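Colleague: Sharing the record's features from TrEMBL:
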- Cys181: active site, glycyl thioester intermediate (ACT_SITE)
- 32-37, Asp56, 64-67, Lys80, 125-130: ATP binding site (BINDING)
- Cys166, Cys169, Cys435, Cys438: Zn(2+) binding site (BINDING)
- 16-406: domain 'THIF-type NAD/FAD binding fold' (DOMAIN)
- 445-510: domain 'Ubiquitin/SUMO-activating enzyme ubiquitin-like' (DOMAIN)
- 531-606: region 'Disordered' (REGION)
Amino acid sequence: MSSDKARYRAAELILGNELFGRVQSCKVLMVGAGGIGCELLKNLVTSGFADITIIDLDTIDLSNLNRQFLFQKQHVKRSKAYVAKESASKFNPHVRIEALHGNIKEPQFDTAYFAQFDLVLNALDNLDARRHVNKMCLIAKVPLIESGTSGYMGQVQPIYQGRTECYDCQTKPTPKTFPVCTIRSTPSTPIHCIVWAKSYLFPRLFGSDDEQEGAELDKAAARGENAGEIDNLRKEAAEIKAIRKTVHTSGGAQRVFEKVYSADINRLLSMEDMWRARQKPTPLSWTDLTSATEASTSRIASGGLRDQHVPSLNESFQLFVSSMDKLSARVRDDPDTPLEWDKDDEDALKFSTAAANLRATAFGIPVKSQFDVKQMAGNIIPAIATTNAIVAGLIVLQALHALRKEWSQGRFVWVAKDARKATSITQLSAPSPTCASCQMSYVPLRVNLGEVTLSELVKIAQEKLGYGEEVVIVEESRLLYDPDFDDNLDRTLASLDIKAGSLVMVSDEDGLLSDATFVISDLPNGTFELPKVPPSIPKKPVKEEATDAEASSSQTRTSTKRTIDEVDAEGSQSKRARVDASGAILIDDDEEQDKTAATDGVIDLD
Ligand SMILES: Nc1ncnc2c1ncn2[C@@H]1O[C@H](COP(=O)(O)OP(=O)(O)OP(=O)(O)O)[C@@H](O)[C@H]1O
Ligand SMILES: [Zn+2]
């Protein structure tokens, strides 16, 4: 015990008794044990946090070792969460760490699960998981410290339910997409060929049978892409589906090759209009390449820089055949597990490199090394250990404000590559009045999932929450019911795959009420239960002319959002409608010169 006291003496002196007491007694959930997570866990166990739960769905990859310092070579392929716990426990064996190898989106991590924590710290790398944790913390009313890094840039955002902007208040830039026809018919740059190999050919041959194909082409047609070409692409899709069935049998690589590099390209060439202003592609010949490869003495380069070698046509052809054979064998040996493209899956990466380079050659586009393909296909901006370390330190500082419940002390912190000033801070803005996540009414609903039908759920929405006839019921992005789609009405919620933890949204476009979301839990011995105080769903904001008083009030706010201090002072949610939603961020006076960093700082973070 005395060595324990000595260990924490500095932290106790710096934080003071009271805050240090809170650090010691609080229960923290850390989501993600990758680049930021490893640094963060080390910080937590060395600064006095004593009860930490970590969750990560992944296993350790060799490529993680350059920056995820809790992991070593002998840990490769083991669970990140378990190994992070083992390594961090060596720094401080007195901390209780619970390690979970799983996805934070699994139903057992429901809102009741989140509610047991005093604080949630995100160290994630994707939008989907971040948005999910954001929502769960809003519902459970647990403070969340969100974070991310991208190369030299990073950010830390405290999110306090009802007080600050949530993760969804500001729309995030969507990843760049390309028109379907560019990818499938008229590529002109290496990235077009790489996206084709990774997102079209690989999933069609080895991934889960794609029912989205038709929808994707419908959308492309609706966007006004070339209708004739879209029809051809539909035919092509049916053909590749047929080839997929025999891809693992003898001659599979040849059948795929001849279809995509010869037949499809010949078909494209027959559409003369397409090539008036473009360079025509040249089909590739399996027979020619097979004999050229047999005659050639060239071998795929080996050695340390093999990945950075730009392959010849013969090398790409050999790699295509060998990687097709390996992937086909995997599908044959385990037909029930479709493959998912992963940049760290050597066979998938080699296949994509070869397939993209063959296509590039056919279309007269420069070919790329495997190293380049990995960067481009994986959307990789090299991760920098120092940025992760800075961000992990800032997360702890922001966590301390949250533990003190000093909400107005929380700051949005930006890290940038700037010799003058590596970090800049902005005050936290108030929630956006139009945010679909934090302005949502969440209604806890305990319901007998095995017995209650969808039609009864519609009734609950109408009779207990006050919705009208035209309600629409949606789970995630799945439509369950609307007045024109009543097929599911007699099915039980369980049969519709609604589980404990599901979020089921009710809306009514023509009605008066705003949207609400049922937060579902199971009630095996009953029918349904709503909270004792009946939830009152706010009316939809009316887009009315502002009153004089409101107009003058909003004029004074033309260029700023409200800050958290203003929210506290006003203490009323109903005033939110007057807030200017220009997206401007209020900057501390002494931070004025950093406006650019702050406002340009919407970063697509990993
Ligand atoms: N839904 C999720 N549930 C649990 N953990 C998740 C979820 N989504 C992502 N993660 C974890 O978050 C971590 C993010 O860490 P990081 O950004 O360093 O990614 P990485 O996969 O280790 O690195 P890289 O992508 O560069 O190989 C990863 O370990 C990842 O497994
Ligand atoms: Zn929000």
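The backbone N, Cα and C atoms fix where each Cβ goes, and this holds for glycine too.
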Colleague: What's the CA to CA span in angstrom from Cys169 (Zn(2+) binding site) over to Asp128 (ATP binding site)?
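Modeller: Pair distance, Cα basis, whole Å: 15 Å.
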Colleague: Look at each of the binding-site residues, Cys169, Cys435, Cys438, and point out the one with the fewest other Cβ atoms around it within 10 Å.
Modeller: Cys435
Colleague: For ligand 1, pick out the recorded positions Gly35, Asn66, Cys181 that have a CB under 6 angstroms away from one of its atoms.
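Modeller: Cβ < 6 Å from ligand 1, in sequence order: Gly35.
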Colleague: Which secondary structure state does DSSP assign to Asp56 (ATP binding site), in the simple three-class scheme?
Modeller: strand
Colleague: Taking 8 Å from the centroid of the Cβ atoms of Cys166, Cys169, Cys435, Cys438 as the cut-off, which other residues in that chain fall inside it around the Zn(2+) site?
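Modeller: Once Cys166, Cys169, Cys435, Cys438 are set aside, the remaining close residues are Asn134, Leu138, Glu165, Tyr167, Asp168, Pro431, Ser432, Ser437, Gln439.
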Colleague: Name the one residue among Gly35, Asp125, Asp128, Cys166 whose Cα is closest in three-dimensional space to that of Cys181 (active site, glycyl thioester intermediate); these are the binding-site residues.
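Modeller: So, of the listed binding-site residues, the one sitting closest to Cys181 (active site, glycyl thioester intermediate) is Asp128.
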Colleague: Measure from the CA atom of Cys166 (Zn(2+) binding site) to the CA atom of Asp56 (ATP binding site) and give the result in Å, rounded to a whole number.
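Modeller: Cα-Cα, rounded: 23 Å.
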Colleague: Fewest neighbouring Cβ atoms within 10 Å: which of the recorded positions Cys166, Cys181?
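Modeller: Sparsest of the recorded positions Cys166, Cys181 by Cβ contacts within 10 Å: Cys181.
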Colleague: When the Cβ positions of the recorded positions Gly32, Asp125, Asp128, Cys166, Cys181 are compared with the atoms of ligand 2, which fall under 6 Å?
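Modeller: Once distances to ligand 2 are taken from each Cβ, Cys166 fall under 6 Å.
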Colleague: Which one of the binding-site residues (Asp56, Asp125, Asp128) has its C-beta surrounded by the most other C-beta atoms within 10 angstroms?
Modeller: Asp56
Colleague: Looking only at the domain 'Ubiquitin/SUMO-activating enzyme ubiquitin-like' (445-510), how are its residues distributed among DSSP helix, strand and coil?
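Modeller: Result for the domain 'Ubiquitin/SUMO-activating enzyme ubiquitin-like' (445-510), in helix, strand, coil order: 15 helix, 20 strand, 31 coil.
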